[in-house]
Ligand code: SF4
């Protein structure tokens, strides 16, 4: 399994990437490439399921990176066929931090009308209640994952086809879900009614692909056709092409705004917008909202880079790589010793002393979660001789946990949940600290008039505390929602 790194503890983590393809020879190889492009969405484990007319369903599920598992001939030879789906995971539901192989997706079930495999990105907010009920009625769960509920709900459905059963199952599920699934001949893609998590459709020759992000279509040379709409189910077969259904009650979409800030790759397209361009625009908005006199704008690599470019451009302050990232650290220290672990972010980031010395530096980062990394980076910059350190953050204060498929610390661990902006500045020990406003973020994401407070255009619960889907399981466990204002 790839090593946990101290730097990664201080970021929100998207938990899953999904990919599926039909109508190509050696579908598993395309899935492996697609998952490789989605590796940023989950590094703990990955899995692929295929179907071949003669060899039936086959699967491989492994811990670790896609490139370390699904490039070997001995593994890929076991995965023949023209239709396949895959999944990369960072655990949210299920065995967090200590994934068991039984929790690695895709999940497979043999129903009366044939087999079905399923991979899920998101989080089912009523999974505990569903699971309890299913177990009481005789279901035998194989994993601790919330996603397995969908297969059991399908098994109990009286629907005549697998897509019918999936529709019925998903109507009982609350929360955020983008799903790719497959039967022997059909590839199925579904997004929850709010469209919280992404899912896109691509075309490759006579074949079709579904992916969490467009960057996974690019890597296989597929044409981006369109996003799967919120609440849409597509059923795709080689012979009949794409059939679209809308099985849920229509709702106003609430896509995850944090995908724009951090989760998605900057070379992906979301909602018709380049993620890179949105991040650059966040930097422009930040420079307008929170100007400061300084000599240098530096990104905290890599995710702060586009916003730092935008900030520098708008403010006229020179941009420079004041912090350099070591790309290979994760591969070098497979089992870090205590002494190495204590070096913290220095393993991954180093300061470009020649550039920093004597300068008033603006550091642009994507978010502040616990604040541990921000403090260490500030120390490194001051050690290198900076005259002043100003933090500019490309998201509003993260004060609430996400229950829709993103790993967040408990609320008490989020710096912004317990401190005001001023207290955070003092805690981090920087000369100034400013976050982009929620309205500024919405403007950067293409909403010219900012956030519509009556009907927000995005999910922004981790900033606002306004959850578009009631997190039922968490409330049962004692989570306190924000009091109505
Ligand atoms: S709570 Fe935050 S991270 Fe989670 S889906 Fe909503 S915007 Fe995204």
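Even glycines carry a Cβ here, placed using N, Cα and C.
Residues 256, 459, 462 are recorded by TrEMBL as [4Fe-4S] cluster binders, and the candidate that the same record lists for that site, out of 16, 149, 402, is 402.
Listed by TrEMBL as binding Mg(2+) are 365, 366; the candidate from 303, 420, 432 that the record includes in that site is 303.
With a CB cut-off of under 6 A applied against ligand 1, the binding-site residues 256, 303, 366, 402, 459, 462 are reduced to 256, 402, 459, 462. Around the Cβ of residue 256 ([4Fe-4S] cluster binding site), the same chain contributes 176, 196, 197, 198, 263, 404, 406, 458, 459, each under 8 angstroms and 6 or more positions distant in sequence.
Of 16, 402, 462, all annotated as recorded positions, the residue with the shortest Cα distance to residue 366 (Mg(2+) binding site) is 462.
Of the chain residues outside the [4Fe-4S] cluster site list 256, 402, 459, 462, 196, 257, 258, 404, 406, 460, 461 have their Cβ within 8 Å of the site's Cβ mean position. Taking Cα separation as the measure, residue 365 (Mg(2+) binding site) is nearest to 462 of the recorded positions 16, 402, 462. Counting only the Cα atoms, the space from residue 402 ([4Fe-4S] cluster binding site) to residue 16 (active site, nucleophile) is about 14 angstrom. Once Cβ contacts within 10 Å are tallied over all protein chains shown, the recorded positions 16, 365, 402 are led by 16.
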